[in-house]
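Comments concern the structure below.
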């Protein structure tokens, strides 16, 4: 503070010439920065004062004040020009001047410098109130408090004056403001007073309304009075009429009117201010009166405000007096006064006059007049905002992801779609619902849609269930919106580089999810067709967010919001609010919409929301409604300061977000311009942004007449007003993404936001394609004049240098909600260019499946090929520190991009990649630290870590300070390599090694490595003991240093030496003893490092002799570079003193197990660790080898245990590897290698073993130098979990109100025409055809005459059973149909039907008139030339499709030429075998069967109808046979290939298995579960002759299974092959169980399982993690036939429930007398019988059926379970469920159960 400075602070009664709103915006923006803490407090207090005062208004006045959250809301032009605007001017001016005053000081960060006596305050009119707040303050903090009370007084004064004045003269009816004061120049006060007196007299003016002088000086006079009276006065007086006069901006009424106000008025204003701060406050600074120019005499605040109030209301302003008072104050008081300063708020005529007067009066002084502007600071940029609170923060969007129509499954594809101006309009795909039945443009069909159009995402059902820990059943039942919310949330988090817990802002407890969703199509339609366990968690909206939180383990809030069409952006707004409120630190937000339900189409259409003509025609004159769309989008949002601290990529910044409601609209669905504008103002005020600065708006833009008109009005009025107009360079561009991708409803807002974010990234506004004809005439006509319009072509949107672009995103809800988001550019990031010391970098990739890992590697390789400039360091940072890691892993350490590409290609080119890659274990392997001895010492050890990692450096320096305080030399020069390259003293050597090792151990802990045990080699044992907590770090350093001193003092250097010998201790002794010259040489074993690595010590000469002797025997020997022979007798002189020193040291139990090389054991307690231990460890042998063996013997170590060598060079690592060759060993440092590269490689090894290093710490020291790369997203291992809507029940329910019963959906669909209809394929229910893919769903009725006849042609157990040839024909039918849909000009389609697997036989119902539907789903992919097929049962009443398929297959579309070549090579072999069979039949060695005989043999299992009996004769020789075949000429229906023809040429294999003497057909029958392939070179011909040949053989992997190839020949040529057709042996007693007709058409139990059904052991473990108590048996005499699926046998039996719902198992039921013989107590005889029966049926010995033997291990699968349950019933009379063998998984549990219940 300059004591020689005289100062005046002048508070004007006029606003600065700047834009008032902009000044307040800047104040508001600065107040959110922690630099301006007091400014923020003042503005908040002032706002609170105004709200308090307004709350006291009477209702009529209160209604004139709009709601406001800050003063900024009251500065709008509309309000200031309103009825109360003028009255508020005084308080607004007070707030402005005080805010600028406070902000000036805070911007300069200067101390309070207003000193009483040296500083004086002055002001005019209302400005004196602001000055009064400063006069009452002794600090800037005081001004923030007193200022709010000054605002209160000014507010009350302004309102009071306005109220009194309006009683004198009413305001203009049109709202025009009139001035209450005029200024007259070039006249004296007396002459003006004479004219006014004459006017008042002549017009007989009442005293209250007279015109009077309110202010005067030498050059001007202010005349005040009611506006009309002033006008009349100037017209009445010729002198005034022709004088120079101007109206003043005084609109609030009359002040300075002694005739109007009395002391009671003043008391009412001042004394009712209800201040709690000011009564006891005294005046600190002189404040000059604007009437007298002298300081007010008041001593207290209340006195001061009364004086000021009196002057403002009754006193006249004399500016000359004010000027004189200022000049007098500035007169030099002493010779030390060097300058004068006048602080003001900009300049004005009054202020210039004061400046002139001061300069004139002080012109003779050799001093300087300083003019300081208190406004200029407000426009300065103070750098990045440092938010004062969460609410003051800007927000950063750091990640995003999407699934949008038009194939926009990622952001690049979405942008490409926008940039190309594509329209994604299409008709409703068949997989959603059938337009043939649900579309009626006339509107006559109830519940039908009147529009067929929409915009749909590709593959909505595809999902990686395994990744998200969901079973296929749960995934299928889970709403695709929820699934894709999970997927896009992950992708957005991945893009953002979020690793939960990496930083404080990403701690799982501080992450929340916010999603908008406005429909429940999947739950209400698709999943409701078969309500299952997962109906609620899979369909209820709350679970969408909850599932994200649960999967990622986020414990922040989880909100699912429905605000209709604005849901997505409203969810973002709520997320922003949560961030501003401090409820979360990271938010994931988005919108969800997947359309499936035709009901919603119908409802929206009937409400006239939807266009009947197509896409959303935004701003088009023909706009007729919106077009529906799918959409899923997710964004990740943080507070800006957190995003910058986390080194995130910031896509854009959110300045403000708000949602309001159109409460005043004409109807609930009609938009309201006023509400929209209010919302814009709220957002702009929240951010302190000028609407003119906004240059892009993404409209809600639905393409409705009302919506477009209202939004165009609201947008133009706020962002492009008529005045002030936008400059030519301030073009406002508009866009509407709905014209491209339709209206995504709940996802619409998030789609708009994603587009806006991409616009920021690409610096380009995509073309608007919504205007198809001409612009809508309801749009304002003057938009172009306002410089606003749609971007009709791709328009560059460059970022101005040094500035930020502003954009707005709108989203409105049909219910009346309006949500608006205000965005700005991300801060320009200047990447710190450091010196890249890291030469080697770790690149990591991971996945949850092998397929995904491979795809991730391929995508990264592709990315690198396309971006060869990629920084390896950035790539390493991104793939390690900024990724969530999974159990399938790839990792490598490389030094260049080309090296990485080579490593990736090497892995991808490996044909065994899939088999070699293995998931890391769920439980990471243990890690052991091995601390080396001093032999690894060298200068500069650990230097790279010391330089690069502050944490490591701090640890070394901390330990070094301890060493120095203990009196030892500093080791830092050794590590820095700043010491001379000369041999170091033992003290420095040993301390350096130990300190380095302790620091390294702590560094490994920092990197997230948990230690399981430690082992130290010689000197390294001190570090190991310190790290394990046995001794303190200081004690370890002390003992090592003192030991080294003792060695130097007591032991002679060079007298002894140590020799490392590559041989065992025994071998050395034997070799030395064998030679006379060495037999008596004395030496000691210092170390047994491994079984073949020994260190000996002794006198130097003797050790040299030993070395020569051993080397002569070709034994590798090395003299160690140590000055002493440790662990020998040379150490004896120090032992006593060392032990004495150690006895003073406290020893504690190890916190980490210590592996002792001295004791060759693992130490867990403190008993063995003491001073004596250290003495012995110094003197005795280091038996490292025995210690390692002990760890193995004790189970502490196995082949997977990780070993980290902690020391300057990996010596212990080599020893461990010698002892355990398979052990993974790593290094911390390595001589002549960059230590950072060494650590990096070790971390990769740990990572690949299953540990999760803390990569964030590894990159933390230089994180600012790295950039997060936007790499290709995770590649999902997806499966289609789509449940199609079957039938027309949404239409049929309309009949219920008429009392009519709707027909079943299936029968309705059967009656409709279909593009594909054959005898087996009856109706297409869904069809989607895209460029390279196609999907088809069909439905068929097995009771249809054609189908039923085909089934009854193949009967088993007197039941019609569908033969595999039926599935073959259906597959070929849909295969050719779909292929021709994609490749229409194909001449012939050749199909290879592969991987046919029939899990459950289909038995025709015997109920007449029943419906027995089945569904076939097919998906063709041209890129792989393959088509997958699945068959499902469906419910005959509801059309509900079963959750699981009963049969599957794959068709490969192949070149028949390859078949022909393949078969040509085989033909001679097959023909040769046929000839052999013929010859053996002729010789009587094989059986020749006639047609009747052959089919009679077949009747053992199957009875064929005549049309199926194509074999004319058969030659059968055990498991080999050939047949002559003639096909019946009749097709008997419409087929691709008639089943009776397929069966005729192929069922020879069935005859071999069921008719050959080689098969036990008495006890067993054989059925086929499928084949590997079925190919026909040409279509079978009616009446044609063929030959079939087959040779069956047992399959080694399954003794119950046979397989073989059936060759079909025409002449000498093979024309077809059924490859590896399989037959399973089934006990004949299960015939009834498998082949009985269903009694119901429910999908819950359509048919029994086919004998070929199998379940793997691991499937059992997955499906039944916990088993309930087994159900007791029911002992009955008659069999109970189960109709459950085979898979049901593997499910736990439900507990018996009581009527009250109790799930406690019931007691066994009472049995009938006939049953009672078996119902009594069961002795061990029953157990024995059960075990013998089981042994017989499984082929095992009874001895193998031990109590702990599991049925899985014994090979008791689902089929064997059925056999055993039947045998138990038939032979033992005990009825048990086959699931018993799952519920009781071991023999012991089963026998215990039998004892309990049998």
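A Cβ is built for glycine as well, from the same backbone N, Cα and C atoms used for every other residue.
Swiss-Prot lists 565 (among others) with the feature active site, for beta-ketoacyl synthase activity, giving sequence analysis as the kind of evidence. Long-range Cβ contacts of residue 565 (active site, for beta-ketoacyl synthase activity) within its own chain (separation 6+, distance under 8 Å): 518, 700, 702, 743, 745, 746, 748, 749, 811, 812, 813, 814.
Annotation source Swiss-Prot lists active site, for beta-ketoacyl synthase activity at 700 (among others). All chains included, 31 other C-beta atoms sit within 10 angstroms of the C-beta of residue 700 (active site, for beta-ketoacyl synthase activity). Secondary structure from DSSP puts residue 700 (active site, for beta-ketoacyl synthase activity) in coil.
Summarising the environment of residue 743 (active site, for beta-ketoacyl synthase activity), the number of other Cβ atoms within 10 Å of its Cβ, over all protein chains shown, is 32. According to Swiss-Prot, the active site, for beta-ketoacyl synthase activity annotation covers 743 (among others), on the basis of sequence analysis.
DSSP assigns residue 1354 (active site, proton acceptor) to a strand segment in the three-state reduction. Non-local neighbourhood of residue 1354 (active site, proton acceptor): 1360, 1361, 1362, 1363, 1502, 1503, 1504, 1505, 1508, 1543, each in the same chain, at least six residues away, with C-beta under 8 Å from its C-beta. The active site, proton acceptor feature in Swiss-Prot is assigned to 1354.
Residues or ranges marked as active site, proton donor by Swiss-Prot on the basis of sequence analysis: 1543.
The domain 'Ketosynthase family 3 (KS3)' annotation in Swiss-Prot covers 392-825.
The domain 'PKS/mFAS DH' feature in Swiss-Prot is assigned to 1322-1632.
If you look up Swiss-Prot, you'll see 1721-1798 marked as domain 'Carrier'.
What Swiss-Prot records for 1758 is O-(pantetheine 4'-phosphoryl)serine, and it gives sequence analysis as the kind of evidence.
Feature annotation from Swiss-Prot assigns region 'N-terminal acylcarrier protein transacylase domain (SAT)' to 25-256; the stated evidence is sequence analysis.
If you look up Swiss-Prot, you'll see 931-1224 marked as region 'Malonyl-CoA:ACP transacylase (MAT) domain', on the strength of sequence analysis.
Positions annotated as region 'N-terminal hotdog fold' by Swiss-Prot, on the basis of sequence analysis: 1322-1458.
The region 'Product template (PT) domain' feature in Swiss-Prot is assigned to 1390-1628; the stated evidence is sequence analysis.
Among the features that Swiss-Prot reports, region 'C-terminal hotdog fold' is placed at 1486-1632, with the record citing sequence analysis.
What Swiss-Prot lists as region 'Disordered' is 1695-1721.
In this model, the domain 'Ketosynthase family 3 (KS3)' (392-825) carries an average pLDDT of 95. Taken residue by residue with DSSP, residue 565 (active site, for beta-ketoacyl synthase activity) is part of a strand. Broken down by DSSP into helix, strand and coil, the region 'C-terminal hotdog fold' (1486-1632) contains 32 helix, 72 strand, 43 coil. Note on the region 'N-terminal hotdog fold' (1322-1458): DSSP counts are 30 helix, 57 strand, 50 coil. Across the domain 'Carrier' (1721-1798), DSSP classifies residues as 48 helix, 2 strand, 28 coil. Every protein chain shown contributes to the tally, and the Cβ of residue 1543 (active site, proton donor) ends up with 27 other Cβ atoms within 10 Å. Reduced to three states, the DSSP call for residue 743 (active site, for beta-ketoacyl synthase activity) is strand.
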